[in-house]
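*Asks:* Got these off TrEMBL a minute ago, pasting:
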type     : residues                        : note
DOMAIN   : 18-107                          : domain '2Fe-2S ferredoxin-type'
BINDING  : Cys59, Cys64, Cys67, Cys89      : [2Fe-2S] cluster 1 binding site
BINDING  : Cys129, Cys132, Cys174, Cys176  : [2Fe-2S] cluster 2 binding site
DOMAIN   : 244-425                         : domain 'FAD-binding PCMH-type'
BINDING  : Asp374, Leu415, Arg444          : FAD binding site
BINDING  : Gln797, Phe828, Arg941, Gly1116 : Mo-molybdopterin binding site
ACT_SITE : Glu1292                         : active site, proton acceptor
Amino acid sequence: MSEKVIEKEEGAMKSSKTCLVFAINGQRFELELSSIDPSTTLIDFLRNKTPFKSVKLGCGEGGCGACVVLLSKYDPLLEKVDDFTISSCLTLLCSIDGCSITTSEGLGNSRVGFHAVHERIAGFHATQCGFCTPGMSVSMFSALLNADKSHPPRSGCSNLTAAEAEKAVAGNLCRCTGYRPLVDACKSFASDVDIEDLGFNSFCKKGDNRDEVLGRLPCYDHTSSQVCTFPEFLKKEIKIDMSLDPRKYRWSSPVSISELQGLLEVENGMSVKLVAGNTSTGYYKEEKERKYERFVDIRRIPELTVVRKDEKGVELGAAVTISKAIEVLREKENGSMLAKIVSHMEKIANRFVRNTGTIGGNIMMAQRKQFPSDLTTILLAARATVRIMTSSSGQEHFTLEEFLQQPPLETKSVLLSIEIPSWLPVKKKNGSSSDTHLLFETYRAAPRPFGNALPFLNAAFSAEVSLSEELNGIVLHDCRLAFGAYGTKHAHRATKVEEFLTGKVISDEVLIEAIGLLKDEIVPDKGTSNPGYRSSLAVTFLFEFFESLTQTNGWLNGGCKENGFDQNVESLKPEAMLSSAQQIVENQEYSPVGKGIVKAGARLQASGEAVYVDDIPAPENCLYGAFIYSTMPLARIKGIRFKQNRVPEGVLGIITYKDIPEGGKNVGSKGFFRSDLLFAEEITLCAGQIIAILVADSQKHADIAANLVVIDYDTKDLESPILSLEDAVEKSSFLELPPPLRGKSVGDIAKGMAEAEYKILGSKISLGSQYFFYMETQTALAVPDEDNCMVVYSSTQVPEYVHRTIAGCLGVPENNVRVITRRVGGGFGGKVMKSMPVAAACALAASKMQRPVRIYVNRKTDMITTGGRHPMKITYSVGFKSNGKITALDLELLLEAGISDDISPLMPSGIQGALMKYDWGALSFDVKVCKTNTVSRTAVRAPGDVQGTYIGEAIIEKVASYLSIDVDEIRKVNLHTYESLKLFHNVKAGESPEYTLPLIWDKLAEFSEFNQRRKVVEEFNASNKWRKRGISRVPAVYGVSMRSTPGRVSVLSDGSIVVEVQGIEIGQGLWTKVKQMTAFSLGLIQCGTTSDELLEKIRVIQSDTLSMVQGSVTGGSTTSEASSEAVRICCVGLVERLLPVKTTLVEQTGGPVTWDSLISQAYQQSINMAVSTSYLPDSTGEYINYGVAASEVEVNVLTGETTVLRTDIIYDCGKSLNPAVDLGQIEGAFVQGLGFFMLEEYLMNSDGLVVTDSTWTYKIPTVDTIPRQFNVEILNSGHHKNRVLSSKASGEPPLLLAASVHCAARAAVKEAKKQISRWCTNNQQEIDLTFDLPVPATMPVVKEFCGLDVVEKYLEWKIKQRKNV
């Protein structure tokens, strides 16, 4: 056959590709290219066109990990498969052509058997709501897969190290667990971990030897696993190299620069998107809405994927991923500078974004759109150059610095590659006699140490220095100082400082002068947040880099290598950070109640088979909704229209209050107090108020169209809105509180003040808000049924109230509505009131359209419209004696409720209850609940109580500072006696033995070695300038009330058992405790089947408002125990019915009776095997929970970063119904509290519109921000006759203990302030040590209180000291 014929055939083949071919979980998918919208993401396809629903949408920004899948890519030349995680919400479907995708249910499932990852997540009790767990599973599996590729591990474990296990899930967010058990589940595979050292799990039993434990551990064998075998059919497809005809399809994959140029030239005037990883759409979300006429995939062009390493340096193609670049730079020999660059690059975004995001994409975002890039800063210091393809002159080279300063690169020009040159010394100056040293260092200050957060400031410095004996110091010959991400258009060099320093001997005096120049040169743009903090970080980084160079003696001993170019790369290798210990008593008295059994459905959650509302398959003709909300606080709505007055694709209508049917009402929530509006009417009352629901043919079209809506406002003749507590007070805008809810005074305040030896008068505290950050946003599905009925699936904590709201809105009897809730992907109070308008709007749209309508609220809309925790301002006066005993507290409180009641009238009792953990002598408590033009605030886990506990601690800290007495002594002297507890808490105090707080207080001191560690902290602070530690022990008191709760237990003919309760499984283990209680209670019949065997026969089913009424609310921490008690009463009824049957059977057979034969006989006798009841608590249904925590933190005085070194908790669970579940609740609540006190800022603009509305701007805790050592003891405090089998609540109270971290941070800051006061010259003002540290104590806050000018003060002091000598 001639060559020409072969060429023709190849040409025909290459142009014949018409389909995308890929695999999902080994299954072949082939899609006609002509039928695909190239903007379709992988998650859209997975969730809407396949049965694989484990992939969850948490943020749509690549910031949470809920949508992570494993992508496998085959290289036919090397015959090698690359496997890596990707974010399916950012990955375009067309870009996975020829790839294999594995989701969590592809690793294993209930049909073929669960994977060891799923089993271990379940066994380590590492799942609660379960919404994030499939993504966690895939991240863990990927870490195992890649750790074991290079060489096989020893049998039963992985080559993964403990440090790598911690990083495996570092990019995944979880709001429930507190991360510790997830990390332990992953560490259980690691080769350098002993399972006995890990946290509480179902594999290790007390007294077991190592072999028994390993035998029980779900087997992991990397060789026998058929998961992720790359499909042979795909290998064949890949070997037939076919390209796409760019004239036919909107998606093109050019294979050469000339082909790319041709495409860009041809598409003159057309909108073209160049695609590699598409990760930019996570930050620039408007890109997803833009209609591109053509997508060009540039990943197959050799010049853009080049990797070259030689003596000149390293060249990386612009389409090389950040992960690949890290791998390449790590391999380069003699590359200490490259090792530093790698270490910094590993903090960019998260692993699954780095796996697809490219270095060129990152640089182009910085060049075109001023993205605050880390990469450009470190490459600027490394003297990188770039190669550009231009439309006019072919190819051009620029330094990165020149490139960044140019106007945005035109669309027809393309960044081809980046080169990092090898760095050689310049010629020596000043006749220095010693060797020249090359120094390189990078810096980054961000809320999360492992990355997954934009930095406040990043920097990278290179310098060439030598020791000059003649000049008696270290001479700087050359330097490059790059700063970025601080509020300017792009990274740039501090050239004036560079020029000033070059040729000089580095000294304190030179540094002070350089700092002065730096402050003038590195100035954040106007409007940048925390400008003073960012500027101070620039000074900090400069000081950290050069300070060691002021000491020549260190250099003579090789000190230069500390931050030098020659640094040992080994020292950059990560070590494991996290450890934990749990002391738990498993109670056998009521077995299986009291055992730490695995949570019901945990494996299904890990594999992704657990069904949430948005996983329910869409009914035929289903429509999708998106909310339109106000952006103005108080304005008349003149009209609603679309941009360019063109109806966007897929839109079927906009539904407003005018569409409410006759007889219906504009009601969005019927809850505890007054009803709330569903939609704004003529006037919008606050920014974030829902105005309408837009209905379209897909969720994507609905969300895009909602962003294209324009609302015309008019504020003429309207009063100015009330947007602050001060405005509300001035205008007397208050909600009326019923007298029982106003809070109560205790004792005689005037007498208490008269007895005081000292007084602090009119002191002020303020507290901000917090967003729930449930992983599953608000969602509902409404399906019209016959006879004007409506079935609604709602993600809610309160189906009964949702039911009432929908009936009221539609104007139908309540028996026309049915609300079903199986499970909720996280609630934290946010799915009580705020779930009602979502379900009501869906039902209204479904009623109007007579078609099913569903809505999955996007993260931004959810954050803007749901309100969050109540901000407040507190003014107090306190009287106390010289020993610190407080005699009187007078408290005035302003609480911001927002525009309507919601649950705000309930807040004062929560605040006061937690505040009364101390004996205040006498207490006066006055609360004003302020009505403002902002979104209504609502219940967030421990509503009111968390603020109350903090107010108490702030007052105690203030008194301790005033008297200069150790704060721990002040706390101890003000703890209640049982008599004072009764005075403050009345009936809730219970009986004297129930007051366990004094016992826990003393026990924790021993458990945590508190007193010994205080001395160690003192010694540490005395010997460390730039790191200060604090340690604090804090008590918590949390009152709860039991509520009436229905239950039903039915036994089916085969002996299996169905349990129904109206308590909702939101991750708190309610179903698990209910199952345990059912097994125990039915087991009392004592037939041949044990209670543990009965457990396997029980299924708890979803909540259905027509099946069971009077369901109340799942909240307040007591629903699990109330539901368990309701079920226990049902079982007692069943046992009473079955006992006569058992007696007769025993008489007839003369032997033991099995459960199955007993039930069979009962059915034959037509005995009613279903019992319904409602548990009604008596006056003893109120009680108090107690806990104590000690936390130790380390504050970096230079950056404001706070590291929680250790937390010890003892929490009284009574006799825990399930200690594994309660342990998860304690740790998860604590970490959520840590977020409130230290990290999470829920901020609004001047119109009251939330601006921290994404994973980019709102930072919840992650693996790297939880306590490094996290120890928990669950106190088994014995018999409580009025509790449910002596148990106590665990869902919310432990959140209050996170105040210990804040108090410890304050103690560390106080030490920093004391140090600064010693450095200050006499004429400067005295440092205030009685300060209140704001909440949250974020990095900028802590740094500001440590001193923004601490470096300058130190250097001035040091220079002065030397002069005095």
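Residue numbers in this text run from 1 along the chain shown.
Even glycines carry a Cβ here, placed using N, Cα and C.
Unlike curated entries, TrEMBL annotations are predicted automatically.
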*Asks:* Fewest other C-beta atoms within 10 angstroms of its own C-beta: which of the binding-site residues Cys129, Cys132, Leu415 fits that?
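*Replies:* Selected from the binding-site residues Cys129, Cys132, Leu415 on minimum Cβ neighbours within 10 Å: Leu415.
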*Asks:* If you draw a 10 Å sphere around the Cβ of Glu1292 (active site, proton acceptor), how many other Cβ atoms fall inside it, taking every protein chain shown into account?
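*Replies:* Neighbour count, Cβ to Cβ under the 10 Å cut-off: 29.
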*Asks:* Counting distance between Cα atoms, which of the binding-site residues Cys89, Cys132, Leu415, Phe828 is nearest the residue listed as 'active site, proton acceptor'?
*Replies:* Phe828
*Asks:* So how many other Cβ atoms are close to Gln797 (Mo-molybdopterin binding site), meaning within 10 Å of its Cβ?
*Replies:* 26
*Asks:* Looking only at Cys64, Cys89, Cys176, the binding-site residues on record, which one has the least crowded Cβ, with the fewest other Cβ atoms within 10 Å?
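*Replies:* Minimum Cβ neighbour count within 10 Å, taken over the binding-site residues Cys64, Cys89, Cys176, occurs at Cys89.
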*Asks:* Find, for the listed binding-site residues Cys59, Cys67, Cys174, the residue with the lowest Cβ contact count at a 10 Å cut-off, counting only other Cβ atoms.
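*Replies:* Relative to the other binding-site residues in Cys59, Cys67, Cys174, Cys59 has the fewest Cβ atoms within 10 Å.
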*Asks:* Would you list the DSSP helix, strand and coil counts for the residues of the domain '2Fe-2S ferredoxin-type' (18-107)?
*Replies:* 19 helix, 33 strand, 38 coil
*Asks:* Out of the binding-site residues listed (Cys129, Cys132, Cys176, Arg941), which are within 10 Å of Cys67 ([2Fe-2S] cluster 1 binding site), Cα to Cα?
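*Replies:* So the list is Cys132.
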*Asks:* Around the [2Fe-2S] cluster 2 site recorded as Cys129, Cys132, Cys174, Cys176, what other same-chain residues have a C-beta within 8 angstroms of the site's C-beta center?
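*Replies:* Near the [2Fe-2S] cluster 2 site, the remaining chain residues are Thr127, Gln128, Gly130, Phe131, Thr133, Arg175, Thr177, Met775, Gly825, Gly826, Gly1067.
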*Asks:* Taking Cα atoms as reference points, which of the binding-site residues Cys64, Cys132, Cys176, Asp374 is nearest to Phe828 (Mo-molybdopterin binding site)?
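*Replies:* If we rank Cys64, Cys132, Cys176, Asp374 by Cα distance to Phe828 (Mo-molybdopterin binding site), first place goes to Cys176.
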*Asks:* Between the Cα atoms of Gly1116 (Mo-molybdopterin binding site) and Cys176 ([2Fe-2S] cluster 2 binding site), find the distance and write it as a whole number of Å.
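*Replies:* About 16 Å separate the Cα atoms of these two residues.
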*Asks:* Can you tell which of Arg444, Phe828, Gly1116 has the least company, meaning the fewest other C-beta atoms within 10 angstroms of its C-beta, among these binding-site residues?
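*Replies:* Each of the binding-site residues Arg444, Phe828, Gly1116 was scored by Cβ atoms within 10 Å; lowest is Gly1116.
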*Asks:* In the same chain, which residues outside the set Gln797, Phe828, Arg941, Gly1116 have their CB within 8 A of the centroid of the CB atoms that define the Mo-molybdopterin site?
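*Replies:* Here the nearby residues are Gly827, Gly829, Gly830, Val832, Ala939, Val940, Pro943, Ile1066, Thr1114, Gly1115, Ser1117, Gly1291, Glu1292.
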*Asks:* Are there any residues at least 6 positions away along the chain from Arg941 (Mo-molybdopterin binding site) with a Cβ closer than 8 Å to its Cβ? List them or say none.
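*Replies:* Phe772, Phe828, Gly829, Ala1229, Gln1232, Gly1291, Glu1292, Leu1295 - these are the non-local Cβ neighbours of Arg941 (Mo-molybdopterin binding site), listed in sequence order.
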*Asks:* Just the number: how many Å between the Cα atoms of Cys89 ([2Fe-2S] cluster 1 binding site) and Asp374 (FAD binding site)?
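*Replies:* The Cα atom of Cys89 ([2Fe-2S] cluster 1 binding site) is 23 Å away from the Cα atom of Asp374 (FAD binding site).
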*Asks:* Quick check: with Cys59, Cys64, Cys67, Cys89 left out, which same-chain residues have Cβ atoms within 8 Å of the centroid of the [2Fe-2S] cluster 1 site Cβ atoms?
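*Replies:* Other same-chain residues with Cβ inside the cutoff are Ile43, Lys56, Leu57, Gly58, Gly60, Glu61, Gly62, Gly63, Gly65, Ala66, Ser87, Thr1255.
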*Asks:* Near Cys64 ([2Fe-2S] cluster 1 binding site) in space, meaning Cα within 10 angstroms, which of the binding-site residues do we find among Cys129, Cys176, Asp374, Arg444, Gln797?
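*Replies:* Correct set: empty; none qualify.
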*Asks:* Around the Cβ of Asp374 (FAD binding site), how many other Cβ atoms lie within 10 Å? Please give the count over every shown protein chain.
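*Replies:* For Asp374 (FAD binding site), the count of other Cβ atoms within 10 Å is 28.
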